[in-house]
Amino acid sequence: MEYCKRVLIFIFHLVFLSFKTFGQTPALNATVRLVKGTESAGIVEVLGPHGWGTLCQRAIDTNADVAVVCKQLGFKDAIAIPISPLIFEPYDQYPKFVIRDVDCKGDEDSIQDCKNTGWEDSDIFVTSFLSIPSAVWCAEKEPRLWLSGGRGEFEGNVEVDVQIEGFAGWGYMCNPEESDLHGYDLKRLTKAAQVICVQQGFKREDAYPLFGDYFEMAESTSYWTLPFLISRFDCQGTEASLFDCKFKDGDPECKHKHAFAVSCKRDPIKYRLVGGQRESHGRLEVYGFGYWSPVCQYNFQNEAAVVCKSLGYKSNKTKPTDLPSYMFFGTSSERIRLTGVNCKGDEKSLALCQRFILGRLPIKLLDDLREECGYKDQIGIDCEPEPVQVRLVDGPNNRSGRVEIYYSGTWGTVCGRHFDEIDAKIVCNTLGFGKNAKFIRHVNSDFGKGHLEQIMELSGRCSEKKLKFERCQDIGWGDWCWNHGVAGITCGTKKDCIYGGVLYSHHQQMPSIDKCQKCKCKHGQKVCEAKMTKKCRELE
């Protein structure tokens, strides 16, 4: 009950805040202190009308905000750095939040001179357990950087020498998630990497940003005991130090798997297909900066053709196709380091496609839902697939049965969920019944499920003009059909007829409601004529 009450209070407060803006600067008369850390690093608290309280998540999130806090604390010449509050000793109870946001220019003497949202109502916002407080580090001197976990001092996860009492050692730089579809502004990351590489004594043009804990950590190192610095840096690329860059909108909840990494030595990106029975198909792996890594199949469409082109395979009648690696080629124990590449199809290499960022990225399924790629998401590719074949199985004759398709070297049944009329036309045309074939679809097949392990999912994006599976934009394999049933079909030529869910051959007798008529299938039409019996003539 208490939990629900707090949630309702928080939701009410969010609605209330949506109408609350900075406007004129309310008078705060605020005294500032740092707690849970040291005199120069810790969680920011201010003395408000209801006692000491913290500033809300992201309230102190820009160079100017942090600089004013450090100045007010007496550290006028400090290197002002935002730092994750999660590294400090936790509160015994939910912290009290007394200020939602401040907006400083940097020349103010205290946060009370900055634009702000004013004191929060103590009855509304004192126990907002869904927020995290702001924290700062007023460093006496510029922290040193170090690259760890790579092949040499020229690359690795970016670490910072954190000289805070109780936390002496190296802390990781964090790159928070962004709001873009797949998350990350490569230009911004590249500029930050350029500054880091120059700061470490390497060439600016060789800098390459890597994301998502790209390099391995030492086994003895625990992420959870190391501080994380907020690091959404906006660099021009020409700064002498990373701490000369602007930063904004830090994420105090940044996860450890988002450690920012760079390489200051450009290597050519390579590709290979492994685990297949021939060189032209297998699990796709990309090489970059010391690792051969599998690739996530999320949003993988035109990319297969680009990979095959870069490997020297020319397009033929059957276009390259992507396959779930775990079903065809096995999986790699290496982590996935490439996700969500977006190719037009005419690029010479994946590295030239949009959103080519090496690292472990969460894929965005919805506005507020992200998901990591797992081992079942590793992609395989067939650059020279054999022609598609179709057969009907377990039916009463050669024109009826369960649909089974031979694709990329494997026979599989077809899921009935998306088996539409165009798919049915393609099946019948492939079996020789012609482009104008008559057919009856059995979405939940009457001919059994069969014994094949592989299940195909037809996407519904096939060409009605060409009526060939090779012209479909996407044919997928998977284990997601569940209880939808497998597809079956009954095919006939254009001269055959369909009546009452039954297919009748050309010249075959057809049922008639009128007992004084006899009907046949002729040239695709039901043709009836009167019976010339004595009884029928009398009825006339």
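Cβ atoms here come from the backbone N, Cα and C positions, even for glycine.
Because TrEMBL annotations are produced automatically, they should be read as predictions rather than curated entries.
The model shown is predicted, which means the values in this text are computed figures rather than measured ones.
Looking up Cys245 in TrEMBL gives a disulphide bond whose other cysteine, out of Cys235, Cys264, is Cys235. When you check TrEMBL, the disulphide partner of Cys343 from the set Cys353, Cys373 turns out to be Cys353. For Cys235 (disulfide bond), the nearest of the disulfide-bonded residues by C-alpha distance turns out to be Cys104; the candidates were Cys104, Cys343, Cys353, Cys472. Put simply, Cys104 (disulfide bond) is 57 Å from Cys462 (disulfide bond) when counted between their Cα atoms. Cα separation, Cys343 (disulfide bond) to Cys472 (disulfide bond), rounded: 18 Å.
Within 10 Å of the C-beta atom of Cys235 (disulfide bond) sit 21 other C-beta atoms, taking all shown protein chains into account. Closest to Cys353 (disulfide bond) in space, going by CA atoms and restricting to the disulfide-bonded residues Cys104, Cys114, Cys245, Cys472, is Cys472. Note: the Cα of Cys114 (disulfide bond) and the Cα of Cys245 (disulfide bond) are spaced 21 Å from each other. Note on the domain 'SRCR' (390-492): mean pLDDT across this stretch is 83.
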